[in-house]
Amino acid sequence: MEIERRSRGSLEGAEKSNQRLPREARQHKLLLPRNRPTLGVRASGSASRIGEVNEREIRLPTGEEASYEGASRTPRPEPWISAGERRRPAQCGGLHKETYLGSSWQTVLGEAGSKLYVSVIVSSCKQTKLKMSSGVLGASEASRSLQDAGGPASDRSINEAAEFYRQQVGSASGLPNLSLLRKSFGGTDLMWAAWTGDSKTVMSLLRTKGGLRTEHGWTALMYAVYGDNPDCIKTLLNKEGGMRDNESLTALMHASRSGHHECVKALVNKEKGLQSNDGRTALMYAAKNGHHACIDTLVSQEYRMISTDGLTALMYAAERGHSKCVEALLDQEQEIVDNNGWTALMYAAKNGHDKSIWLLTDKEGGIKNDDGKTALMLAAEKGHLDCVKLLMDKEGGMRTDDGWTALMYATENNHFGCMRVLLGKERCMKSRFGWTALMHAADKGDCEAVAILMKKEDRIRGRSGETALMLAAQNGHLDCVELLMKNEKRMRTNNGWTALMYAAKNGHLECVRLLMDEEDDGKSIYEWLGFPPGTTALDIAERQGHEAIVTLLQ
């Protein structure tokens, strides 16, 4: 249901749209002045009335992490969301973010029935939505309702109510009005004008109010960015360009993070090349949040710059899987490694972004990080099958300094699909201690992995002559012993020990029972683990005090 916008003086349009809302809401025949932040309200259920406005301060945000609290709180047995459940604002910054609001707002709107959902739209134009739920909903139910509401276009009823409120609200009893919002804004008149896109007021106040900051370090220029008002930005730029907030971010960084491309174009010549305290640039913020249009503007000015952790914009884009951003940055920032030796390809592989991997493999494949891992190993470790398939031709068969392969990492983490793919390239490869992927699986008792690997890696010995069967037997993994004994029975270590001896030493009765008919005549060759040459499984069990095994073997 589309609610048509009406001009400020069109009472007829407002009355007509009233028919589409609940009876209680239609009582408020109000018109909203243009270009002002607004609140959208929708009530469902048996709402009896909308409570009167509490005249205490309702602060609008003066910084990225500011919260919408401040109205006095009406005592109630259960606030709709506890302090512990309150969510941290999303990291997209400023006013263009989703925030969960506290129960103090109940006083503003009053007890409105069994279910009251409120959508707060704080923007001069579009997009920004801060959502809350009040009434008598419990904390968990309200939190769940907020999560279900989703992004700007996911809850049609909230959007419709917000559109209605843009037309209606302004000054009536029972609903917050713009004068109260403006009074509670907390910033200067210049900041308000910049935020709401009032270019004439910005021009008139610039000389006397320019250069001032809020307690969070925000300037009028930053408010203009979050209002997406490039004309105001151009007016403010000479006075406030290059200033930083308390988190060391410039207006250009805020614009890049929010994807306000026109604002980026207005700011880039003045603020290009600046870095935050952790070394991030506007290009990095654009890349991290997937704003490829902003990247096109910034890349020629800030490419190959690195953060204090050694990350580039390409790495941020690859980590988040923004393939268009990766493509835009690839030629300028390929083959750079961070402080831990990671490439952009590795970040993409770890997080399972196959499209980014497809773009990066030819440029960055084959590189190891400081731990000796490749992108293929990172993908296999996390079980990203499609990424493994893309990387296997370029990096299959590579080892870490300890000799570990991607197949071993996949085996260690039970990623069976990756194991099947990697077997074709990495079967029978050994770690520094001579273990295969099958031995690692047998050692920890992973029967499904053993079943997959044994067809390609059975009867292989480790550095001391140990087999996968022996490792399974010494740890008491009966199912694995049963799988492996057909092909690996009667095999001995360099010291002459059998799987039966290892099972007897550690007291694994059922494994001994399974192995005894096949390996009962085995004797050790050399001294091992304090046992002399010629030791049998029975001798070992007697010395270890495993009476049930002694009885079985006698």
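Using the three backbone atoms N, Cα and C, a Cβ is placed for every residue, glycine included.
Per TrEMBL, compositional bias 'Basic and acidic residues' is recorded for 1-27.
Annotated region 'Disordered' per TrEMBL: 1-82, in sequence order.
The feature repeat 'ANK' is assigned by TrEMBL to 309-341 (among others). In terms of DSSP helix, strand and coil, the repeat 'ANK' (309-341) has 19 helix, 0 strand, 14 coil.
Counting residues 6+ beyond its ends, the repeat 'ANK' (371-403) has Cβ neighbours under 8 Å at 340-341, 343, 345-346, 348-354, 357-358, 361-362, 364-365, 409-410, 412-413, 415, 417-418, 421-422, 425-426, 429-433 in the same chain. The repeat 'ANK' annotation in TrEMBL covers 371-403 (among others).
Tertiary neighbourhood of the repeat 'ANK' (464-496): same-chain residues 434, 436, 438-439, 441-447, 450-451, 454, 457-458, 502-503, 505-506, 508, 510-511, 514-515, 518-519, 522-528, 533, selected by CB-CB distance under 8 Å and a gap of 6+ residues from either end. Annotation comment: TrEMBL describes 464-496 (among others) as repeat 'ANK'.
Averaged over the repeat 'ANK' (495-517), the predicted model reaches a pLDDT of 96. What TrEMBL lists as repeat 'ANK' is 495-517 (among others).
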